Every structure is written in structure tokens, then in C-alpha cells.
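Lifted from Swiss-Prot, the feature list:
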{"type": "DOMAIN", "residues": "1-231", "note": "domain 'Radical SAM core'"}
{"type": "BINDING", "residues": "C12, C16, C19", "note": "[4Fe-4S] cluster 1 binding site"}
{"type": "BINDING", "residues": "Y18, G61, S116, R128, L189", "note": "S-adenosyl-L-methionine binding site"}
{"type": "BINDING", "residues": "C257, C263, C278, C328", "note": "[4Fe-4S] cluster 2 binding site"}
{"type": "ACT_SITE", "residues": "D279", "note": "active site, proton acceptor"}
{"type": "BINDING", "residues": "C315, C318, C324, C345", "note": "[4Fe-4S] cluster 3 binding site"}
Amino acid sequence: MHVTAKPSSFQCNLKCDYCFYLEKESQFTHEKWMDDSTLKEFIKQYIAASGNQVYFTWQGGEPTLAGLDFFRKVIHYQQRYAGQKRIFNALQTNGILLNNEWCAFLKEHEFLVGISIDGPQELHDRYRRSNSGNGTFAKVIAAIERLKSYQVEFNTLTVINNVNVHYPLEVYHFLKSIGSKHMQFIELLETGTPNIDFSGHSENTFRIIDFSVPPTAYGKFMSTIFMQWVKNDVGEIFIRQFESFVSRFLGNGHTSCIFQESCKDNLVVESNGDIYECDHFVYPQYKIGNINKSELKTMNSVQLTAQKKRIPAKCQQCAYKPICNGGCPKHRITKVNNETVSYFCEGYKILFSTMVPYMNAMVELAKNRVPLYHIMDVAKQMENN
């Protein structure tokens, strides 16, 4: 089980054009800050429901708005309830509030920090803006430099939209240049209707927002970056999507929930203790309990698991079904013969067709006990052939 905690709910100090939390303000009427009793109950139950290694993820909105004193209490309660278990903390942030005091705290308590950044300035500032409409690039870069000066481990999260999707190498080389060793690319899709479950909808009952990334462009973007990575950066740069497929091909299963067979065990706890089945499905019908009233260990993603397992006939017949599993239920909005398939289907096929030969080559390397970074030599040979 993994639970993402949202101590400040949907609240944020930025107003990014594409943020799906902008619609949440009218939905939530509960207290927007996690109080002490809810925090304590969550930490106690989550540690009890976890194995010997417990991974906490703090997200938003913008979690740093909860304040440093809140996170000092996080450490206090974790230490109280950890017993012999080892605790890990990850913080996903826009970086705006990361001053010296924050960075010293994050270093002292060994937080892994995820920084949201969408590429070089002209690409990042296209959608990631302040409440006053100004670009945020300079402040984010300053935060990254401050993290580096305090030797805080960080990674990057990049939202692929209709603009930066056309600049894969510029984005990739930029992220490398700022010192990102671990990268995650999120494909952006938002509709005019809150994206819940389109399986029962008729065609054309929704519109795709302009900033969403076109499927084939996304596939080409990721394929271009994959080829750069597989020829030059394996073992040095870690890209979440690619690492997930390496894990899958080596027989260990996907590490990315999008392509897993089930949606179970990726829950969200809201600031008032409400538990939802997924970060992308924080809607009333997907609420499964409250940490202050129910036992966390008894909760699971029943509805999403059912949606995930409703694999359309088109997917069942696809050669990539074993490694794709129909993609994320959030993305299943494209009608095919009265069924809904992933909006990103054609893009995924472009990426899979690029990756699979190299993944198979990695499997052969592993069988022969050859370090996987040797795929870079193999990849160059394959390209020359």
C-alpha cells in the first residue's frame, strides 16, 4: 500500500493553467489544512499498515504551504510510531517557498524533493505561472540551486503539454544541465468535463482542453528521449517510465501504476482525513473512508480496480496489451466500437515499438549476467545495423 498525503489539500501559491486542482475549490468544503489529530492518526495507521520500509509522499496543491512547523510534527510522529521500521519522506513541490531554513530541514531529515519544472524558461513559463500571471522559472531555478547547495537529493517532474512536446531534446538536455538525475514525464490530458469514468459516455460528450498533449506527438517525444537515454545515459539518468519497463521486462512487474494490471494500493489522504482511491479521482464517488473513522489497512481501490480491469476488446487483441494493460482509467476517453480506450493509445504504440527491441536486448544482457549499462553499446550497434 502507498498513500499520498495532501496536508494543504488543493491549495497552491501558483496558478498553472493546466492544473486539474483548479476545479477542486468549489468541490471541497472541509478544512483545508491537516490538523494535528488527523496527521497523528494518519502517520500511526500508515506505519502500522506498511512493511519494514515506509514511504511517505507529501503532495498538494503545494504542500510547503502547510509550513515548516507542520513538517516538524511529521518527523516527531514518525519517530514516535516507527519502532524498528525505516521511514522515507518525499516532497513534491513547485519550489517557490524553499528558503535556507526549508533546505536545512530537508537535508537534516533526508527528504527526497521532487521539483516541478517543464523545461527551459520559454517552455516552463508558458503554463506554470504565479497568481499574478508572471512566469515562475527564475524562482524554481533558484530553489534548485539552493537544494544543491544544501546537498538535498532532488528529482524533476515535467508535464508534457501541447507546447513543450515539440522540443524533446531541448527539454531532456536542459533537465540534465540543471543536475536532474531522476526524471518523470507526465502526459497532460484534461477535458471540459471532470475526467472520472467515460466508459458509459457517448462520443463527443466532452472536449479536450487545448493544452493537452496530442497522443502521437507524445509518443514521438518519449521515443526521441528514449533513444538519447538508451544510447548515452543508462545507469546515469533514471527516467521513471523507462525504468518501469525495464522492471517489467526483467520479470519484476511495472513500477509505474499507469501500466500495472490493477489500480489497488495507490491511495490519497486529504487534509481532513478523507481517503480516495487515486489522486486523479478525488471525487465523492471515489471516497472510501476517513482516517479518523476507519482503519487504513481495510481500504482499497475497489471501483478503480474494476474500471482498470474492464479492458476493451481492441486492447485485448493488441500485441502490447501485456505491457500496457489498457493504460490509466483516467485516460480512457476515446470511443472505439462503443468502448473507451486510452486517449494516448497511438502515442503509446509509437513509444512501445521504439522501446521493445532494446528492452528485449536488456533481457538477454541480464540472462548473461552482463551489466545493463552495456545496452548503450548494443543500442549503437543496433542503430548502425
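Including glycine, each Cβ sits where the backbone N, Cα and C put it.
Within the model, the domain 'Radical SAM core' (1-231) carries an average pLDDT of 92. Here the Cα atom of G61 (S-adenosyl-L-methionine binding site) is found 29 Å from that of C324 ([4Fe-4S] cluster 3 binding site).
Checking each of the binding-site residues Y18, R128, L189, C324 against C278 ([4Fe-4S] cluster 2 binding site) by C-alpha distance, the shortest gap belongs to L189. Recorded residues C315 ([4Fe-4S] cluster 3 binding site) and S116 (S-adenosyl-L-methionine binding site) have their alpha carbons 32 Å apart, per Cα-Cα distance. Counting only the Cα atoms, the space from C324 ([4Fe-4S] cluster 3 binding site) to C257 ([4Fe-4S] cluster 2 binding site) is about 10 angstrom. Here C16 ([4Fe-4S] cluster 1 binding site) is positioned 4 angstrom away from R128 (S-adenosyl-L-methionine binding site), judged by their C-alpha atoms. When the alpha carbons of L189 (S-adenosyl-L-methionine binding site) and C263 ([4Fe-4S] cluster 2 binding site) are compared, the span between them is 19 angstrom. C345 ([4Fe-4S] cluster 3 binding site) sits 11 Å from C328 ([4Fe-4S] cluster 2 binding site), taking the C-alpha atoms as the reference points. For C328 ([4Fe-4S] cluster 2 binding site), the same-chain residues lying six or more positions away in sequence with a CB closer than 8 A to its CB are C257, I258, H280, S342. Same-chain residues that are not part of C315, C318, C324, C345 yet have a Cβ within 8 Å of the Cβ center of the [4Fe-4S] cluster 3 site turn out to be P312, K314, Y320, K321, G326, G327, V341, S342, Y348, K349. Inclusion criterion for the recorded positions C12, C263, D279, C318: a C-alpha placed within 10 angstroms of the C-alpha of Y18 (S-adenosyl-L-methionine binding site); this criterion is met by none of them. When the Cα of C19 ([4Fe-4S] cluster 1 binding site) is compared against those of the binding-site residues S116, C263, C318, the shortest separation belongs to S116. The shortest Cα-Cα distance between C318 ([4Fe-4S] cluster 3 binding site) and any of the recorded positions C12, C16, S116, C263, D279 is the one to C263.
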